[in-house]
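Trainee: What TrEMBL records for this protein is below:
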ACT_SITE  A:D156  active site, proton acceptor
BINDING   A:Q30, A:E105, A:D137, A:G138  S-methyl-5'-thioadenosine binding site
BINDING   A:H61, A:D85, A:D156, A:S157, A:T158, A:D159  spermidine binding site
DOMAIN    A:1-238  domain 'PABS'
Number of protein chains: 2
Amino acid sequence: MKWYTEDWSEECKFSIAYDKHLHTEQTPFQKIDFYQGKEFGTFFTLDGLMMVNEKDEFIYHDMIVHPAMATNPNIKNVLIIGGGDGGTAREVLRYGFVENVVMAEIDERVFRLSQQYLPVTAAGVEEDPRMTLHFEDGLAYVKNAADKSFDLILVDSTDPISVGEGLFTTAFYEECHRVLTDDGILINQHESPYFAEYAENMKKAHHKIKAIFPITHVYQYHMPTYPSGHWLFGFASKSLSPLQIDEQQWQSYGLQTKYYNTDLHRGAFALPSYVREKLGHE
Amino acid sequence: MKWYTEDWSEECKFSIAYDKHLHTEQTPFQKIDFYQGKEFGTFFTLDGLMMVNEKDEFIYHDMIVHPAMATNPNIKNVLIIGGGDGGTAREVLRYGFVENVVMAEIDERVFRLSQQYLPVTAAGVEEDPRMTLHFEDGLAYVKNAADKSFDLILVDSTDPISVGEGLFTTAFYEECHRVLTDDGILINQHESPYFAEYAENMKKAHHKIKAIFPITHVYQYHMPTYPSGHWLFGFASKSLSPLQIDEQQWQSYGLQTKYYNTDLHRGAFALPSYVREKLGHE
């Protein structure tokens, strides 16, 4: 048996077995590796870090998309930054009232390889007439976008290293604020509270966003293949609180979701005391 | 660097570095190993499975104790089954109104070694005048206990293998029901929904308890060093619902907790859809 191993910290590592190393490639942006195992199915890594696997991608993609969609039932224009595997677009496109989805993914190879090896996330995305793909830097895309042109921005990026780094800056969050409508929502990577390095990035991201958006929250979910399994997204908005949602409205859409539900929505925003403290919350 | 490695499934493993293997011992019940590393501090395993480490024991011990204490503010007599490291007793003893705590731990060596190597959980427990230690089988202890003699039973056991097995049986849960007062609460190990073997045990435990107690819930928390990091406890009671708590009352105790808080209490009972489904919930 062969093992893919990821260092979660200097003193902790996580390993997944695979049968086949399906593909390896160094693009101008990062190293992409696709693997196939039994339990986790097909999975891929960027620069050696687990991104998506067939066993638990549903958790991540439910949680990046549905809390925002449940908070604002009038979302029509959506921008996805990154998200090259297609899973975030797949979930957004399930909402019939969404009219336009732009995906700005810096590395086209991630998307093409996902189409080839990971249809569970990528299939059908390019074909949807509401979808526009831009293979370019997300930060550059946002800088050139018109004021108030999106109702929702989903930052589906890597950690704040290499190509993901610019997506954790104040400059980027300010541009997001500018291009969002008055009821606009930004969902961004918020890393994890448990291991020191990730917790540091969590604190920095939250600090920067709090200085720009009037409403900011952090929410959590159980993502077993990400470091510590305790993973976070940031929720920032200009006017809407994710703590006040119309549960019946969301339920009326009739979407079957394996992780998300409206009870869990409320629960996800209730953070452990040590996480609150690190974020500077009461 | 030396590594302690635990198989989380056939295709997934988790490793923690240690500097010293402090102690190893085969007792009549199980193999006990104590290790010491930097990031996780001192930790011990039973039959090769991670039990307690200094980095995240606070999460487990907060979550096994405080949700029940917040649900019933009149808990006076507490029975801990297992819990040899002392951490569960430590948290219970923080409540000044608790009058008696019995700990029935089958393996005295776990407690003595924890006193020696893991004072963070074991120090002060034996010395507390409200504490009674019984080094005997938990199932046997409960069988001999009087009807309605405890307000709270906390099952702080290993997985349903070897010595822990009897603590996952209908016979055991029935005895717990008998010895609990009319407002009594049972908190028990509920394993994890993610890896198949653990999920199977989760389903079985829930199924058995549901047949005995009128009120049953399952709640979750982020425990990074347990398989998948998504870990569960069962909450069963004769009359009280954990969804209706007096938050102010619990807050009035002034307990500082690093993981638990009353917002998180509510959130912990809101399970992902795939977990609800496995448990047979709506």
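Just so you know, glycine gets a Cβ as well, placed from its N, Cα and C.
Where the annotation comes from TrEMBL, it is an automatic prediction and has not been curated.
Let's see these features in context: how buried, what's close, how far.
Mentor: Secondary structure from DSSP puts A:D156 (active site, proton acceptor) in a beta strand.
DSSP classifies A:G138 (S-methyl-5'-thioadenosine binding site) as helix under the three-state reduction. For A:G138 (S-methyl-5'-thioadenosine binding site), applying a Cβ distance below 8 Å and a minimum sequence separation of six or more within one chain yields A:I81, A:G82, A:A104, A:E105, A:I106, A:V155, A:S157, A:G166, A:L167, A:F172.
When Cβ atoms from all protein chains are considered, those within 10 Å of A:H61 (spermidine binding site) total 26, not counting its own. A:H61 (spermidine binding site) carries a helical DSSP state (H, G or I).
In this model, the domain 'PABS' (A:1-238) carries an average pLDDT of 96.
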Trainee: List which of the recorded positions A:Q30, A:H61, A:D85, A:D156, A:T158, A:D159 have a Cβ under 8 Å from any Cβ of chain B, in sequence order, or say none.
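Mentor: Among the recorded positions A:Q30, A:H61, A:D85, A:D156, A:T158, A:D159, not one has a Cβ sitting under 8 Å from a Cβ of chain B.
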Trainee: Under 8 Å Cβ-Cβ from A:D137 (S-methyl-5'-thioadenosine binding site), six or more apart in the same chain: what's there?
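Mentor: When sequence neighbours closer than 6 are ignored, A:D137 (S-methyl-5'-thioadenosine binding site) has A:A104, A:I106, A:G166 within Cβ distance under 8 Å.
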Trainee: Which residues, in sequence order, are found in the same chain with Cβ within 8 Å of the centroid defined by the Cβ atoms of A:Q30, A:E105, A:D137, A:G138 at the S-methyl-5'-thioadenosine site, excluding those residues themselves?
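Mentor: Same chain, not in A:Q30, A:E105, A:D137, A:G138, Cβ within 8 Å: A:F29, A:I81, A:G82, A:G84, A:A104, A:I106, A:D107, A:E136, A:S157, A:V163.
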Trainee: Counting Cβ neighbours within 10 Å across all chains shown, tell me which of the binding-site residues A:S157, A:T158 comes out on top.
Mentor: A:S157
Trainee: For the C-alpha pair, I'd like the distance in angstrom between A:D85 (spermidine binding site) and A:D156 (active site, proton acceptor), rounded off.
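Mentor: Cα to Cα, A:D85 (spermidine binding site) and A:D156 (active site, proton acceptor) are separated by 10 Å.
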